Amino acid sequence: MPPMKAVLQLSIHEERIRKKAFVTVSRCPGVTSITMDDKTGKMTVVGEVDVPVIVMKLRKLCNTELVSVEVVKPPEKKPEPEKPAPPKPAPAPAKPAEIVAWPVQMNNPYQYNPAYANSYYQPYGNSRFVTDESNCVIM
């Protein structure tokens, strides 16, 4: 989604609601900058934002109308003239790689074996008494 510039008309009459509007818009993901003109009540939001979501959230605070939405074009970069590369220094003669001997880790004298994790109880033995009586009383 390209960066957008949205101009919103808000009807704000109190400082408290103005602050809530700023906080609500600033919490939306992708907002780059927020400006507001107190005389006209227009708020300008710039960034990669979902404009209808911002309008829905602001309508819970005050009367909000969407004035315009524009795609912000990135500033054009002027091509810089190429500078001549400085001459490369002569390569240094190859040195043999240093061998570093790391100390061998010995057992810590205060290292204890971990305790067994007996955090459960053994279940009681369940048994069923099944009687296999094949004699029939009715017949």
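From the backbone N, Cα and C atoms, a Cβ is placed for every residue, glycine too.
Per Swiss-Prot, the feature domain 'HMA' maps to 3-70; the stated evidence is sequence analysis. Per-residue confidence over the domain 'HMA' (3-70) averages 94 (mean pLDDT, predicted model).
Shown for the region 'Disordered' (70-94): DSSP residue counts in helix, strand and coil, namely 0 helix, 2 strand, 23 coil. Summarising the annotation, Swiss-Prot assigns region 'Disordered' to 70-94.
Swiss-Prot lists 73-85 with the feature compositional bias 'Basic and acidic residues'.
Per Swiss-Prot, the feature cysteine methyl ester maps to Cys136; the stated evidence is similarity to another entry.
What Swiss-Prot records for Cys136 is S-farnesyl cysteine.
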